[in-house]
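Novice: This is the feature table in Swiss-Prot:
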| type | residues | note |
| --- | --- | --- |
| BINDING | CYS15, CYS18, CYS37, CYS40 | Zn(2+) binding site |
| BINDING | PRO119, THR120, GLY121, CYS122, GLY123, LYS124, THR125, LEU126 | ATP binding site |
| DOMAIN | 3-56 | domain 'ClpX-type ZB' |
Amino acid sequence: MATNSSGDGKNTLYCSFCGKSQHEVRKLIAGPTVFICDECVELCMDIIREETKASGLKATDGVPTPKDICAVLDDYVIGQAMAKRVLSVAVHNHYKRLNHAQKGGDIELAKSNILLIGPTGCGKTLLAQTLARILDVPFTMADATTLTEAGYVGEDVENIILKLLQSSEYNVERAQRGIVYIDEVDKITRKSENPSITRDVSGEGVQQALLKLMEGTVASVPPQGGRKHPQQEFLQVDTTNILFICGGAFAGLDKIIAARGKGSAMGFGADVRGNDDRGVGEIFTDLEPEDLLKFGLIPEFVGRLPVLATLEDLDEDALVTILTQPKNALVKQYQRLFELEDTELTFTDDALSAIAKRAIERKTGARGLRSILEDILLDTMFDLPGLESVTEVVVNEEAVNSDAAPLMIHADASKEPASAG
């Protein structure tokens, strides 16, 4: 123990680290058999702060290469090779730009926000979620359809940054390097190509409100939400280094692109072209910024999304792969459900192809696969818990394309159609 008996019989206490007495410091904190003074506490805090800052810089220096990012995306997202390449390069350059800004330099690198365009169910949201997981940065998703201008009923755009803060546990420094994914951005287009003379608070008004946020501004964010707690202190968040990814299905944009490609010639010498029978995703590859303006995005908004990544329709092979290959594939999920009933669930190759074809016909992409499987297996899942000796359920092409029930294999190996309650 750091004590010393003086001549007058009183014990003087000393700091166990620097050796100063209790009379030389403002505060001496006692621990089990040791003491530490306020000066040593401050010194320790400075050391920890510096080491934390240094380790943080090292972590941000190690940005994965575009090939590494693309390889991880391949593990989670089926197909979309071109979109993955565009995203991998854009994200790598974004975080390289942040490291460049930390080190200082004469040339300031501009931010490149990303616009993902593709049919519904093709993997736009999953790509953004996977990117955030790879980079280990705060990530939040916002639905553009719920946003309105400040002062109107609905969500303010600042709430997007509040969600990002919440995902970073209110660590402002970390949130300022995060990723924001704004879904359904095609639903906030203005109603006509010409500027509106009336207020459009959920369309063009939201685009205007998002401009500064996406370009870079210091946003005043209410930690508890702005409208219910008007007296609270605001947090200041700089959005300059936040990467914004916007996504949408843009239904009808393919017709605008196709019309631009056709032209409108008339007469005997006109170049008459047939109907464009390409898929929506293929047509999107010919996208130009002017097409987005015709669709209803304002020029300033398009200008703040310089990186365009178009996603293709998922073909039959891709949908079959989605059904069977990923770690949490739908087929594996239903097989696990049947295992809980001590029954094996199998799908024939023809059945998987038929399920994929039906999803393509519905134009729902990968998102519609679960509802198709539910339709096929509903009666079987209803009857199975009350049946005994069923060891296997086989889904064949007939069960997918007609009202026939999947086959049930009993312990005696005889096959019979499943009875629909």
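Each residue, glycine too, has its Cβ placed from N, Cα and C.
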Novice: Where among the binding-site residues CYS15, CYS18, CYS37, CYS122 do you find the Cβ with the fewest other Cβ atoms within 10 Å?
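Specialist: It is CYS18 that, of the binding-site residues CYS15, CYS18, CYS37, CYS122, has the fewest other Cβ atoms within 10 Å.
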Novice: Nearest to CYS15 (Zn(2+) binding site) by Cα distance: which of the binding-site residues GLY121, LYS124, LEU126 is it?
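Specialist: Nearest listed residue in space: LEU126.
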Novice: For GLY121, GLY123, listed as binding-site residues, tell me which one has the smallest number of other Cβ atoms within 10 Å.
Specialist: GLY121
Novice: Reported as an integer number of Å, what is the Cα distance between THR120 (ATP binding site) and CYS18 (Zn(2+) binding site)?
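Specialist: Just about 66 Å between their Cα atoms.
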Novice: Measure from the CA atom of CYS40 (Zn(2+) binding site) to the CA atom of CYS122 (ATP binding site) and give the result in Å, rounded to a whole number.
Specialist: 58
Novice: Looking only at C-alpha atoms, tell me how far CYS18 (Zn(2+) binding site) is from THR125 (ATP binding site), rounded to the nearest Å.
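Specialist: Approximately 56 Å lies between the Cα of CYS18 (Zn(2+) binding site) and that of THR125 (ATP binding site).
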Novice: Can you name the residues of this chain that are 6 or more positions from PRO119 (ATP binding site) yet have a C-beta less than 8 Å from its C-beta?
Specialist: ALA249, VAL280, GLY281, LEU311, ASP313, LYS363, GLY365
Novice: What mean pLDDT does the predicted model reach across the domain 'ClpX-type ZB' (3-56)?
Specialist: 78
Novice: Mind giving me a neighbour count for THR120 (ATP binding site)? Other Cβ atoms within 10 Å of its Cβ, every protein chain shown.
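Specialist: Counting Cβ neighbours of THR120 (ATP binding site) within 10 Å gives 16.
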Novice: With an 8 Å cut-off on Cβ-Cβ distance and a minimum sequence separation of at least 6, pull the same-chain contacts of CYS40 (Zn(2+) binding site), or say none.
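Specialist: Looking at Cβ-Cβ distances below 8 Å from CYS40 (Zn(2+) binding site), excluding near sequence neighbours, one finds CYS15, PHE17, CYS18.
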Novice: For the binding-site residues LYS124, THR125, which one has the sparsest Cβ surroundings, going by other Cβ atoms within 10 Å?
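Specialist: Looking at the binding-site residues LYS124, THR125, the Cβ with the fewest others within 10 Å is that of THR125.
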Novice: Other residues near the ATP site, CB within 8 A of the CB centroid of PRO119, THR120, GLY121, CYS122, GLY123, LYS124, THR125, LEU126?
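Specialist: Nearby residues not in the site list: GLY118, GLY247, ALA249, LEU311, GLY365, ALA366, ARG367.
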